[in-house]
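Reading through the structure tokens given below for one structure.
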Amino acid sequence: MNSENFSISEKIVSPSYIRQGSQARRSHEQLIRLLLEQGKCPEEGWSESTIELFLNELAVMDSNNFLGNCGVGEREGRVASSLVARRHYRLIHGIGRSGDIAAIQPKATGSSLLNKLTNSVVLDILKLSGVRSVASCFVVPMATGMSLTLCFLTLRHKRPKGRYIIWPRIDQKSCFKAMITAGFEPVVVENILEGDELRTDMEAVERKVQELGAENILCVHSTTSCFAPRVPDRLEELATMSAKYDIPHIVNNAYGVQSSKCMHLIQQGARVGRIDAFVQSLDKNFMVPVGGAIIAGFDESFIQEISRMYPGRASASPSLDVLITLLTLGASGYRKLLAEQKEMYTYLAQELKRLAAAHGERLLHTPHNPISLAMSLDGLQTQSDKSVTELGSMLFTRQVSGARVVALGNKQMVSGHMFCGFMSHSEAYPHPYLNAASAVGITRNDVTLCIKRLDKCLKSLKKESSAISGLPVPLTGLEDHAGE
């Protein structure tokens, strides 16, 4: 409804009622106008009606929704199922053009506007989360691993002699396979044990650089968010070393946006040295479906270069999902989620520490990891290797998802490379352990139920071991320590 239609409506319905309706409409339009003018996440979240009005306005700007459109091409935004069309708000054309994922589509003005606004709003959120000097970013419809691959392939043209990627070890398959898929040779640098923590061995990294020759190294590939007892890499030192040897530096920040500590490391690394790009997942940081990532950096021209490397058009679904989510939350809503994540981390740590003490174990001391925690399982390992791995199965069948049980001595071949002690980020970590993470969106009830079920599983395994050995085993647990 425009002003002309509202004026005509006054001849049909009382003018005072129409003016009231017009004012209500303008309140929605004012929010949309501010978004278009500022390109920032609104401070307060929008209502669903405002978001749907906005998306419908965008959709009617795409040629597949023109009332008189006659399409004779091979890709005209045709959709066989009306259910599918509604699922995508009739934004069918996707984003980008065949040569650039960030390019404008002449016959998809609404989808192009959606893409530009999403990238702008996400950039604002990255700044809000702690990387205030980030210059550019774009949403790509691939998860973190393939997005890292895209970064490595872009660097190939800048460093034709680059064959190796220096990679402080983290036992996560997709970031390792990202390097292999791009056609490079990962140089795995083992971490060093400091207390319970596994940290970057800077001396070993620099030795590798000198041994291989800086001109033969494509980049350094570091990590922020990770499973304890590994902690975020020493980003400031790595960034300083990268600048010293003029080697690009790509950061895997998979679920680090939710952590002020991870984002601070990136900000500081860029300030004192070199970080070319950092990549983060949409689903882990913004609670949207899997399938998207954000590639961001401090040099706008390099980030644009990465976007141009993407072949063909792309799905708009990840961009649509994250834009809807951020408009719903608003900046204040997202800040609240970040604050709750920190609060739940403290609560989870307290509860795991209490549970560990009740079962003769301990919470591993990993203060540099702001998301993941680890509890030793030395007692289970003493019973048998099977008891450790069985705990993971028991938790999963009891609907505790995301908990990760790591036994000693695992070996795993990944893309031709043998990892000893796989899942523990080390060839010889001294303890088997259980991981739990306080990620964005976790609730107090999640923690309470997890601890309760974990307690029962540990008691059950002790009882089972006692029956097999014929020896009495004290069946202590949380209930026996309730007064402590």
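The backbone N, Cα and C atoms fix where each Cβ goes, glycine too.
No curator has checked TrEMBL annotations; they are predicted automatically.
TrEMBL lists R75 with the feature pyridoxal 5'-phosphate binding site. Around the Cβ of R75 (pyridoxal 5'-phosphate binding site), the number of neighbouring Cβ atoms within 10 Å comes to 12.
Its own atom aside, the Cβ of S98 (substrate binding site) has 9 Cβ atoms within 10 angstroms in the protein chains shown. Under the heading substrate binding site, TrEMBL lists R97, S98, Q105, R313.
The tRNA binding site annotation in TrEMBL covers R271, R398, K463.
Using a 10 Å Cβ-Cβ cutoff, K284 (N6-(pyridoxal phosphate)lysine) registers 23 neighbours. Among the features that TrEMBL reports, N6-(pyridoxal phosphate)lysine is placed at K284.
The highest number of surrounding Cβ atoms within 10 Å, among the binding-site residues R398, K463, is found at R398.
Note on the binding-site residues R97, R313: the fewest other CB atoms within 10 A surround the CB of R97.
Comparing C-alpha positions, K463 (tRNA binding site) sits nearest to K284 among the recorded positions R75, R97, S98, Q105, K284. The sparsest Cβ neighbourhood within 10 Å, among the listed binding-site residues (Q105, R271), is found at R271. The substrate site, placed at the center of the C-beta atoms of R97, S98, Q105, R313, has further neighbours from the same chain whose C-beta lies within 8 angstroms: G94, I95, G96, G99, D100, A103, G312. With respect to R398 (tRNA binding site), the closest of these recorded positions in Cα terms is K284, chosen from S98, K284, R313. When the recorded positions R75, R271, K284 are compared by Cα distance to R313 (substrate binding site), the shortest distance belongs to R75. Max Cα-Cα distance over the annotated substrate binders (R97, S98, Q105, R313) is 10 Å.
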